[in-house]
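What follows is a short report on a single structure.
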Amino acid sequence: MVSQCQIRVVRSGGSKLDYRRSVFSADGKYLICVSGDFIKVYSTSTEECIHALQGHRKLVTGIELNPKNHLQLYSCSLDGTIKLWDFTDGILIKTFLIGCKFLSLYTSATDDLVFAVTLKNNDSASSQLVSVKLPKSASQECEAKEISVIIEDVSHLPKCTAIGRQCLYVASVKGVHLSIYYFKTKKSFRFSLKATSKKGANNIFTVVACHPSEDCIATGHMDGRIRLWRNFNHKKEYTYTSLHWHHDSVMDLAFSAQGTKLLSGGVESVLVQWPYGSEEKKEFLPRLGAAIEHISVSPHGTLYCTSHTDNKISIIDTSLKVSGIIQGLLKGTVVKTGLIVDPRSNALVLNGKPGHLQFYSLLNDRHLYNLDIVQQEFIHQAGLQYMDLVKASFSSTGRWLATVEELQGGEDSMDLEMQMKLWEYQDKSQSFVLNTTINRPHEDHITSLCFRDEGNSEKEAPTLVTTGKDGLFKVWMLNNNYDIYKQSSSWLCDFVGGYHKNQATNCCFSEDGSLLAVSFDEIITVWESSTWDLKQTFCQPPGKIRNLCFGRMSCSKYLVASTNNGFICCWNLLTCALEWRAQLDATVLQPDPLSENIAVVSCSKRWSNLFLFQPSEPRPFYTQKNICQEKVQWAVFVPKEIPEFVKSESHQWLNKSQLYFLTEKQDLLTFSSKSTEERLTPLSKQLAVEESLPVTPFHLLLGKKRQEEQEKLDAQSVRAAPSFHRGYQNSAIREVLHTPAHVLPPASVLCTVFVNSLLISKKSQSTEESKEDEEMKSEHSEADSSDETEEMESQKRFPSAFSLDVAAMLPKFQEKELRRIRRTDYSWISSL
């Protein structure tokens, strides 16, 4: 029976960090950026995500600091709201309901006004600049109805509008026009440039920035020029100076906090710093990795940050040195490798920069590293062909990685330039090292590749199978006796197979690795992996095989396949008969490696639907429709580090693995049965006590040993001074030492409690000590006067300080034995 449960589709991260300009906190400790419908707060010193502010229902389009409170942040969204946040604690303070779609946001320090670019009548073709009066209300939600139009026709890009010094004017560019509006006088000025010139100039505006303390406006243009405008409060007496270094369009401009420097960036991946007033002495920060999309400056002027088209943010100090990098999930044009999981790190692996594989942590929503596969310099220029990564696969243990790279644009098989590389993971270097390079492994494009499960047997050589459009599948095995010294290994072709010269499209191994299934157009062939003999063929209904997989665990006797004409078929390998067939157009067929479950995603009427089933049963045990409004391209099950145990039967398929899927717009989504509060715990709650601070990698290495040593020292200190140790752990002392000073009561109030907590209680004596004291008292009472006289004489012969030291150093039982020895009569010795 299909279950209906509250499993929601949630964004797993990977949203664009370069969608809007980032914002520094007033002290420069935090960097705030837009990430889809989230707002993320990062630490500039550690690059760790401190908070993920969630409250908007749609894409966040603008963020700005509250000029009247530097600990608060304004944000706007396409959901028609403006929200006020306390970003240091991750708390939503207030929501202003406006009802129009916002594209960007600007704040004013003079009045309770914010400026925003909105769509005219929700029409995406035109936009306007408006001012919104934010009402003062005690309620958490309130409506803002006072909206005034300032400029009718503006660009929808936030970088094309800027607020002037002291909020005296606003400048906006669109096309070849520069518009300036003064708020107090309500006068507007409009300047125009010719679109082109005889020298080949392209004067279309791309960005505008205003000087923080002078009447100067900087504009960037398509031809790479920068113009500095002055005297723009006169229509005929205005002037501008031109700066030119960029060979392509200027993508962003920003003045420093004091206005002494102008920063510019473009597709050259170079940050240019122009000294204001002496622009010929410009400085450069090259090789930033990707085109610069946005530039931000901290309020105190000590930090810059650049947002790049590869979804990366670089934090830069004033000496033009990169001090930190925040890398998000890199989104390319097409994800050809699909979604892969690294068995070692449990990281998501897919196409990254051209010719690279990116490893991405799904747990922390953070980029780990890039693996350069092609190992060629990438030149950003239109029309150039370059080697592109098209296929990748890991072995079951993660020791081996196979990649296939092809020359971009090479469609003709005769001119095809292709390489397959085998990479081995080295424990010493903790990285993949190239082991074998195979030029042109097939005569045509490779369609799929997969490793055989290595299992626990070390005798079996690692095996890789590739299929190609040349109608062949090839078996590659690791040869450990490659050289005469038998000290190196390499991959060699061990077997070549085919079926009636049909194109080989898919391949997969059974769970135990004994069988190999290869699809040739509309036919599936099953081969024995020990001898590579053809054992069985299965014919599908008319339609080419799109996906192919074996069942796992209790369903390992089944083989499941989907076709491009809308069928899913399941065969029983024991009877070699069709077990069942269902009519469903499956774009994705993904098995769970830790269970018998198989996920199917189909697309109908622009909506994608999810079905989960087991091969032994044709009816799905879970269905969720309308998971997204786009076509799902790839999906993958990622094993959970800590399995969950949920009683609900409808949630049990999420116990061991998490299903992630990638849409056409490259949004990474997943399924969760937890609420938003459970998934996103504010870091302020996690850091409420000292023990819950996140550990560092250094602490993971040495923390256990130090913890054991500390426990030993604590045990010794408890035996030496139990009362003081208990006093230090007293809540009164902890309150004084750990409570922030600005919230503590006066010292006179805490003095009595604090001093009393340090006193040694008489009741702290143990029962054994009290018994020993009673025995000592009884022995003292039984001692005669002669013994007391001898003790007094012995005390006179030895200094009192020495006796105190001895008494203090001796334990109770030794002191008791010493007193008995002193009472012994040794007078008989004198008679000898």
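Cβ atoms here come from the backbone N, Cα and C positions, even for glycine.
Under the heading repeat 'WD 1', Swiss-Prot lists 4-43. The annotation repeat 'WD 2' is assigned in Swiss-Prot to 47-86. Sequence annotations record features per position, and here Swiss-Prot assigns repeat 'WD 3' to 90-131. Annotated repeat 'WD 4' per Swiss-Prot: 145-184, in sequence order. Residues annotated as repeat 'WD 5' in Swiss-Prot: 193-230. Annotated repeat 'WD 6' per Swiss-Prot: 236-275, in sequence order. Swiss-Prot lists 278-317 with the feature repeat 'WD 7'. Residues or ranges marked as repeat 'WD 9' in Swiss-Prot: 375-424. Look at Swiss-Prot and you will find 431-477 tagged as repeat 'WD 10'. What Swiss-Prot lists as repeat 'WD 11' is 490-528. The feature repeat 'WD 12' is assigned by Swiss-Prot to 532-572. The repeat 'WD 13' annotation in Swiss-Prot covers 577-614. Among the features that Swiss-Prot reports, region 'Disordered' is placed at 764-798.
Here the repeat 'WD 5' (193-230) is broken down by DSSP into helix, strand and coil counts: 0 helix, 19 strand, 19 coil. For the repeat 'WD 3' (90-131), the list of distant contacts is 20, 41, 50-53, 55, 61-68, 72, 74-78, 80-84, 137, 140-144, 147-158, 161-163, 166-167, 170, 172, 682-684: same-chain residues at least six beyond its ends, Cβ to Cβ under 8 Å.
Counting same-chain residues at least six beyond the ends of the repeat 'WD 1' (4-43), those with a Cβ under 8 angstroms from any Cβ of the stretch are 49-54, 56-65, 70-71, 73, 75, 77, 85, 87-88, 90, 104, 158-159, 252, 293-300, 302-303, 305, 307-309, 311-313, 315, 326, 328-329, 331, 360, 362, 365, 622, 624, 627-628, 648, 650-651, 654, 660, 666-673, 679. Away from its own ends, the repeat 'WD 5' (193-230) comes close to residues 159-165, 171-178, 180, 238-255, 257-259, 262, 264, 266, 274, 276 of its chain (Cβ-Cβ under 8 Å, at least six residues beyond either end). Note on the repeat 'WD 6' (236-275): its mean pLDDT in the predicted model is 94.
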